[in-house]
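Feature list (source: Swiss-Prot):
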ACT_SITE  D285  active site
BINDING   R123, D196  substrate binding site
BINDING   D197, H309  Mn(2+) binding site
CARBOHYD  N40  N-linked glycosylation site
CARBOHYD  N162  N-linked glycosylation site
REGION    80-100  region 'Disordered'
TOPO_DOM  1-8  topological domain 'Cytoplasmic'
TOPO_DOM  30-374  topological domain 'Lumenal'
TRANSMEM  9-29  transmembrane segment
Amino acid sequence: MLKTYRGKVVVSLAGATVTCLGFLLFLSQHQRIQADGMQNESEVGLRSLQSLGDSETDDGAQPEQNAKKGFSAYFSKLTRSRREADKPSEAPGAATDAPPAEDISADDIFIAVKTTKKFHRSRLDLLLDTWISRNMRQTYIFTDGEDEELKKKIGSHAINTNCSAAHSRQALSCKMAVEYDKFIESGKKWFCHVDDDNYVNTKTLVKLLSNYPHTQDMYIGKPSLDRPIEATERLGDNKMRPVNFWFATGGAGFCISRGLALKMSPWASGGHFMNTAEKIRLPDDCTIGYIIESVLGVSLTRSSLFHSHLENLQQVSKSEVHKQITLSYGMFENKRNIINMKGAFSVEEDPSRFKSVHCLLYPDTPWCPPQVAY
């Protein structure tokens, strides 16, 4: 019986040994395949680097120099790629054929126009005669002084913020704080801010915003910088930390969904907006970007359909004017910066070109000359 038991033990040990050897053989083969694959990938990467070096050096250069240049070009390319990846996502064009995410009308939009009393006649009257005349119900003018003539034209939508008339970050942030609170009170779906040197095409604005549910976190506009802005956040107790974020320039206009605006409340409602602006010591539009991107972690959605006087407006094609959402005017590199278009009026009669743009979009306007060729 003892012999039988020993025989069984020997058989079991032999079987286990064979199984173990088989597993080790399989593992060895698998590791060899992985190593070969890694070697192939390394060779492909090295060839890519070498090709970069070869393409950028002369025939007489040393191999070591080629490799250095190859690595330098490779990592420069990586840096550019990362920078591109960090840029805000692009909004679809307003004329997209995709079905709207939400059916909205101009009445769902709260358009805030920031101005100052000294520009009521020179800038604001032009807007009242053009695009605001078609959008009285949607437009609210935020200024810093009483104006009975303005009230006669737009009634309670002329809002005296009682903020300073200075063009300081505190005064600008004061007006933005009032804009935000009035929007929340309105119950409208979208908040859009523009300046008193912007023409707003509400038709294309409605088309763009209809691509997104107003309950979704949306921050849409155009940066004036080609990189995130760098700032210092003051944390209290003399502690500070660096922050960087994208922001949409207020000079081109930007829009915020109601869903996102409500989330901004702890940092924007009441007097909180001005306190937040002081934390980073930057103007109103930068503070909006700080709250949305740096605090709430929502990315800016870039749209090329918004335009400010900070860009070369001559580059806006005449044939594309009707597709834009906002336009502007001013000076660029010491030259008149306006939309370059043949319109209903001469440049002397219409230096901003807003009247000509308006007659292009609304030829039935009583003061527009009939049958104008654009």
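Cβ from N, Cα, C; glycine included.
Distribution of Swiss-Prot features across the structure.
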residue : record                      : Cβ within 10 Å
R123    : substrate binding site      : 19
N162    : N-linked glycosylation site : 12
D196    : substrate binding site      : 18
D197    : Mn(2+) binding site         : 20
D285    : active site                 : 24
H309    : Mn(2+) binding site         : 20
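Of all the recorded positions given, namely N162, D197, D285, H309, those whose Cα is no farther than the 10 Å limit from the Cα of R123 (substrate binding site) are D197.
The shortest Cα-Cα distance from D196 (substrate binding site) to any of the recorded positions (N162, D285, H309) is found for H309.
Per-residue confidence over the topological domain 'Lumenal' (30-374) averages 85 (mean pLDDT, predicted model). The distance from the Cα of D197 (Mn(2+) binding site) to the Cα of the residue listed as 'active site' comes to 16 Å.
Secondary structure at R123 (substrate binding site), as computed by DSSP, is helix. It is 15 Å from the Cα atom of H309 (Mn(2+) binding site) to that of the residue listed as 'active site'.
For the pair D285 (active site) and N162 (N-linked glycosylation site), the C-alpha distance works out to 19 angstrom.
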